[in-house]
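Below is one structure, written out as structure tokens, with a few remarks after it.
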């Protein structure tokens with residue numbers, strides 16, 4: 001399928017919207033009321049620090065809603081305003097934040113259900129309005145909705161679209177796209193639908209395995225079994241790794257994506273030599289500014305003498321998980337929560353460890369004075385961060401917190 005031609009055609013459709021509907025000012029007021037926070041602004045104005053009682057909060061200098069997320073949510077709100085009576089769907093969570101998604105449900109926006117691992121579009125009818133979320137949708141989903149005569153509201157983040165353009169360039173020039181990401185993540189699923197031949201790699205360990213295969217060969221079936229579900233149909237590691245271009249899921253760790261790019265560039269240099277490198281490796285620049293800024297701010301934050309760290313964001317949020325990784329790698333006790341509701345009172349917290357299930361921790365706030373770092377993922381509103389910080393202050397002021 002010529003995905004570029006399809007997108008070009010869709011862009012000219014009278015049923016396709018990407019710029020909003022003229023309700024920007026009204027929606028901005030709603031967004032401010034529902035998602036912004038006077039407490040968080042106070043902390044910003046106080047050099048990102050606030051002390052109350054025995055607790056000093058250190059807030060990361062870049063955190064929370066990124067521009068792409070704010071844009072997507074605002075467009076969803078505008079869509080409801082512009083189509084007050086039409087049935088509105090969103091193909092996935094609009095962003096990875098439960099409070100925002102629940103708010104859309106309150107506005108009578110329907111979410112496409114997943115049945116046996118596949119999205120069920122059977123309830124979507126001609127004339128329905130369908131919102132594509134911030135991390136995009138597959139080209140096949142777009143085609144289905146277009147063929148069904150739906151009104152499509154595309155809130156895909158421009159940084160994600162930039163990655164799609166990169167993999168389409170790879171496809172046009174017969175390069176295999178090496179995509180640094182999680183093959184099940186909605187953004188990577190969408191990105192791979194625009195690619196030709198592709199292989200999704202989670203981390204540098206997997207990249208090193210592929211590098212070794214490129215340079216020294218190996219058992220083809222073992223390779224295919226190792227990366228099952230993470231490559232394009234018909235992918236052959238013996239033929240499809242001679243020409244590669246690197247792209248990424250925008251929420252992955254910047255440093256790891258850069259290392260992966262350098263690793264494959266060096267691999268092709270070793271295999272084909274400096275005179276042939278440009279025919280076998282395509283450079284990239286698809287790292288999202290907002291992701292980078294939040295990670296850089298987190299690296300700065302963990303340099304402080306923190307007693308513990310609280311990372312706030314959806315449990316399925318990739319960018320939030322990577323912020324948590326930074327704290328864990330510095331051996332800072334760190335708690336990933338998705339809302340203030342996870343602070344259960346009596347000095348008990350329900351949190352999600354890296355690569356683990358939600359667990360309950362008692363006496364998580366030690367006695368005495370505490371320095372607590374706080375950050376949040378790109379899909380987390382300031383109001384949610386405020387709720388968490390306020391509950392920490394209240395919890396620490398209670399006798400139970402000192403047990």
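Cβ coordinates are placed from backbone N, Cα and C, and glycine is handled just like the others.
For 66, 157, 288, the entry in Swiss-Prot reads [4Fe-4S] cluster binding site. Its Cβ placed at the centre, residue 66 ([4Fe-4S] cluster binding site) has 27 other Cβ atoms within 10 Å. Secondary structure from DSSP puts residue 66 ([4Fe-4S] cluster binding site) in coil.
The dimethylallyl diphosphate binding site feature in Swiss-Prot is assigned to 96, 185, 317, 318, 319, 379; the stated evidence is sequence analysis. Neighbours of residue 319 (dimethylallyl diphosphate binding site), defined as other CB atoms within 10 A of its CB across all chains, total 26.
The feature isopentenyl diphosphate binding site is assigned by Swiss-Prot to 96, 185, 317, 318, 319, 379.
Look at residue 96 (dimethylallyl diphosphate binding site): DSSP puts it in coil. Taken from Swiss-Prot, the feature (2E)-4-hydroxy-3-methylbut-2-enyl diphosphate binding site covers 96, 185, 250, 317, 318, 319, 379.
Sequence-distant neighbours of residue 187 (active site, proton donor) (same chain, 6+ apart, CB under 8 A from its CB) are 135, 136, 160, 181, 249, 250, 251, 318. What Swiss-Prot lists as active site, proton donor is 187.
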Within 8 Å of the Cβ centroid of the [4Fe-4S] cluster site residues 66, 157, 288, which other residues of the same chain have their Cβ?
67, 68, 69, 134, 158, 159, 160, 250, 251, 289, 290, 291, 378
Setting 96, 185, 250, 317, 318, 319, 379 aside, what same-chain residues sit with their Cβ within 8 Å of the center of the Cβ atoms that define the (2E)-4-hydroxy-3-methylbut-2-enyl diphosphate site, listed in sequence order?
135, 187, 251, 313, 314, 316, 320, 321, 377, 378
Rounded distance in angstrom between the Cα atoms of residue 317 (dimethylallyl diphosphate binding site) and residue 66 ([4Fe-4S] cluster binding site):
13
Which residues in the same chain, at least 6 apart in sequence, have a Cβ under 8 Å from the Cβ of residue 288 ([4Fe-4S] cluster binding site)?
66, 68, 157, 159, 250, 251
